[in-house]
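Take a look at the structure set out below.
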Amino acid sequence: MFAARFDPTKVTENVLTAEVTQIKEPTVPQKRKRDAETDDEGSGEDDASSSEDDASSSEDDSDTISEQDENKVASVAPTETSQQSVDAKHSSVLNRFQQTLSLQGALSASDKVSSDNDVHDEDVSMKDVHSLTPIPQPAKVTNEALKLLDPSTYKSTAWDAATKIHYDSKMVKQFDSYEGELDARLLKNITSNFSSETFPIQTILFDKVLPLLNSSFKANRKLFTRRVGDILVNASTGSGKTLAYSVPLVQILRSRTVNKVRAIILVPTKILIHQVYDCLSKLSQGTSLNVSMSKLENSLKEEHNKFLYNSPDILIITPGRLVDHLQMESFDLKTLKFLVLDEADRLLNQSFQNWNQVLFHHLTNDKQDKRPGNVIKMVFSATLTTNAEKLYNLYLHNPKIFLTDSVKLYSIPKKLQELNVNIPTAKSLFKPLLLLRIIHDIKSSASRNAKILVFVKSNEASIRLESLLHAMLGSGIIEDEYNMFLSSIHSNISKGSSRKLIQEFASSEQKKSVLISTDIMARGIDINEITHVINYDLPISSQQYVHRCGRTARANTEGIAINLLVGKGEQKFWSQHIDTDLSRDIDGYQPSAYLDEEKLSELFSIEDTLKDTYKGCIKQLQTSKEADSK
């Protein structure tokens with residue numbers, strides 16, 4: 001009753017038995033076999049389309065395939081009759097298939113899409129793809145005149161808006177020549193406590209500022225600050241900056257009648273407070289000026305009551321402490337005439353309690369005259385020229401900047417001798433031993449003992465180096481050198497201990513005194529007796545180098561700075577990043593080698609027995625450190 005369904009598996013079995021092994025023919029349903037038997041053109045077109053990928057087939061192969069098709073159709077003849085009803089249902093699908101085949105035959109060769117054309121299209125599309133390279137930039141517009149200058153000179157262009165006044169190291173005068181500008185008692189205090197000759201920065205300041213300051217103060221005591229303007233001073237360390245700003249303060253304020261805060265001197269550290277206080281105390285002898293200092297060792301409440309009862313004329317203070325007193329209203333700023341920033345670069349880098357904003361907020365609220373220039377701001381630093389952008393918050397009025405007559409950033413004292421020790425990388429292990437040998441070679445003169453300040457990079461390095469030097473001296477690795485003052489100072493010890501160590505170092509009567517320090521000693525410590533500075537670890541910038549070396553060759557005395565440079569890397573860093581920023585006097589010293597080649601080879605020559613002793617000292621320190629940790 002019903003026709004048998006078409007079974008493709010039977011057709012596949014019959015096809016596989018008759019298939020030639022050379023050509024593999026896919027299984028085709030019966031309806032397609034019937035069409036292939038009755039329609040030779042359709043079969044030819046179908047064969048042509050099925051063999052499209054094999055263009056090298058011959059006509060003989062085509063005949064063989066057609067004969068095989070006929071054999072396959074004959075083998076499935078009984079099944080064909082049973083599938084006629086099924087074929088009728090799929091006639092529409094078969095018609096569409098035949099139409100597709102006929103359309104493919106009618107296509108022209110140019111319309112057919114081949115794999116070669118696809119590759120060609122891909123090649124064309126890739127022509128506009130660029131590699132990941134930077135976008136071309138327009139050429140820079142440069143000033144041809146600047147090409148003739150050294151690149152380091154460009155750093156000095158930040159002060160174009162200020163009135164620049166240059167000075168050189170030869171500007172030295174007798175203090176007696178300022179007899180008409182300075183009070184007689186003040187002049188006597190200067191010559192008896194300090195010097196009879198001025199330093200260059202003092203000379204230029206007294207020549208340019210004192211006459212204007214005196215005349216403006218006589219004309220109008222309330223508004224003289226606006227006529228004078230603000231003063232910015234770029235001077236090397238140890239050039240007499242403290243005396244340079246202290247003398248004008250005492251000269252103007254000596255005749256005041258009522259105690260009011262008229263001058264505030266901001267310093268970055270408590271150690272500097274004592275130095276400035278000593279200077280002003282000596283200058284103000286014989287006057288009624290009240291010079292006070294505020295420091296953390298004192299109770300804030302006691303200082304508050306003290307300032308309320310007896311207001312100072314000149315106050316020396318750190319930024320954080322100043323904010324505390326302003327918030328407690330220990331004093332007001334109505335009568336403030338001078339604001340001095342000593343070591344300004346470090347002050348401007350500090351943000352303790354936002355001291356800058358708090359100070360100028362109170363200054364604006366307390367002052368009746370709120371126009372610019374109501375306070376003379378005196379900014380002093382050895383590295384001032386790098387901080388032009390930070391001075392914006394000081395609200396400068398008609399500023400005058402005093403610069404050394406040099407295109408370099410920083411100036412080195414004329415009598416400072418710089419010596420470089422180029423240590424090979426292979427000898428870096430014995431760097432502490434080489435340091436001890438260099439200290440041993442330093443000779444003390446008959447006039448003064450050798451006081452050596454050694455700078456290291458960290459607190460741990462300071463402690464470790466001191467212990468190792470003590471161990472080497474105790475082992476007799478260097479003869480006749482055990483009897484010397486040797487200590488270290490760092491931020492891990494208390495302020496009282498630090499001050500005591502500094503006093504012991506300064507007053508030591510031994511022929512050699514060595515103090516190992518971090519950069520805490522690099523600023524503002526006024527010890528004129530330091531003969532040598534050794535940079536055991538190279539500073540990170542030319543600015544830090546200037547402050548370190550400024551501990552010696554102070555007050556026009558001789559000084560020596562020895563730099564230990566390990567390997568070519570540190571030697572290159574010193575020459576390219578430190579030395580290029582430094583200006584030296586033509587008549588002064590220039591950097592040179594510590595020793596000639598023959599003596600330098602003797603310095604680096606270390607015997608095996610000495611190596612064993614040195615390594616034994618290191619092992620001893622390691623053992624003691626492990627024992628302390630337990």
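Keep in mind that glycine also has a Cβ here, set from the backbone N, Cα and C atoms.
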Of the residue ranges 198-206, 207-215, 270-278, 378-386, the one that Swiss-Prot records as motif 'Q motif': 198-206
Given ranges 342-345, 474-477, 610-613, the stretch to which Swiss-Prot attaches the annotation motif 'DEAD box': 342-345
Cβ atoms near THR242 (ATP binding site) (within 10 Å, other residues, all chains): 21
Taken over the domain 'Helicase ATP-binding' (222-402), the model's mean pLDDT: 89
Helix, strand and coil residues within the motif 'Q motif' (198-206) as assigned by DSSP: 7 helix, 0 strand, 2 coil
Intrachain C-beta neighbours of ALA235 (ATP binding site), sequence separation six or more, cut-off 8 angstroms: ILE201, LYS241, ALA244, PHE380, ALA382, PHE402, THR404, SER411
Local Cβ density at GLY240 (ATP binding site) - other Cβ atoms counted within 10 Å: 22
Surrounding CB atoms that lie within 10 Å of the CB of LYS241 (ATP binding site), all protein chains: 25
Assigned element (helix, strand, coil) containing LYS241 (ATP binding site), judged by DSSP: helix
Cβ-Cβ distance under 8 Å to SER239 (ATP binding site), same chain, at least six residues away: PHE199, PRO200, ILE201, ALA382, PRO413
